[in-house]
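**Student:** Pasting the relevant annotations from Swiss-Prot:
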DISULFID  Cys31-Cys81  disulfide bond
DISULFID  Cys40-Cys64  disulfide bond
DISULFID  Cys56-Cys77  disulfide bond
DOMAIN    31-81  domain 'BPTI/Kunitz inhibitor'
SIGNAL    1-24  signal peptide
Amino acid sequence: MSSGGLLLLLGLLTFCAELTPVSSRKRHPYCNLPPDPGPCHDNKFAFYHHPASNKCKEFVYGGCGGNDNRFKTRNKCQCTCSG
């Protein structure tokens, strides 16, 4: 296959991947974990992915421990887990 053909194929695959919703792609397993504030009491706002609604919601994070379903911004949460 010529380099032009390979480039076209790569472009089409990239385009199709962008159109595929996250729900049908493999989602990070930690996106399904419940929010976990951890054992500390620093009380910072963070975001977690709520799998039933497929939305990112705010919760109070204690500042240490917890699990990986925790994001500093709603945007990072949505890009990682919601799409």
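Backbone N, Cα and C atoms are what each Cβ position is placed from, and that goes for glycine too.
On a predicted model such as this, the values are computed, not experimentally measured, just so you know.
Help me picture where these features are in the structure shown.
**Tutor:** Cys81 (disulfide bond) falls within a helical segment according to DSSP.
Around Cys40 (disulfide bond), a 10 Å sphere centred on its CB holds 13 further CB atoms from the protein chains shown.
For Cys77 (disulfide bond), the same-chain residues that are 6 or more apart in sequence and have a Cβ closer than 8 Å to its Cβ are Phe47, Tyr48, His49, Cys56, Phe71.
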**Student:** Using CB atoms and a 10 A radius, I'd like the single residue among the disulfide-bonded residues Cys31, Cys64, Cys81 with the highest neighbour count.
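**Tutor:** It comes out as Cys81.
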**Student:** In angstrom units, rounded to an integer, how far apart are the Cα atoms of Cys40 (disulfide bond) and Cys81 (disulfide bond)?
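**Tutor:** Cys40 (disulfide bond) and Cys81 (disulfide bond) have their Cα atoms 25 Å apart.
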**Student:** Tell me, by DSSP, whether Cys56 (disulfide bond) is helix, strand or coil?
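**Tutor:** Its secondary structure by DSSP: strand.
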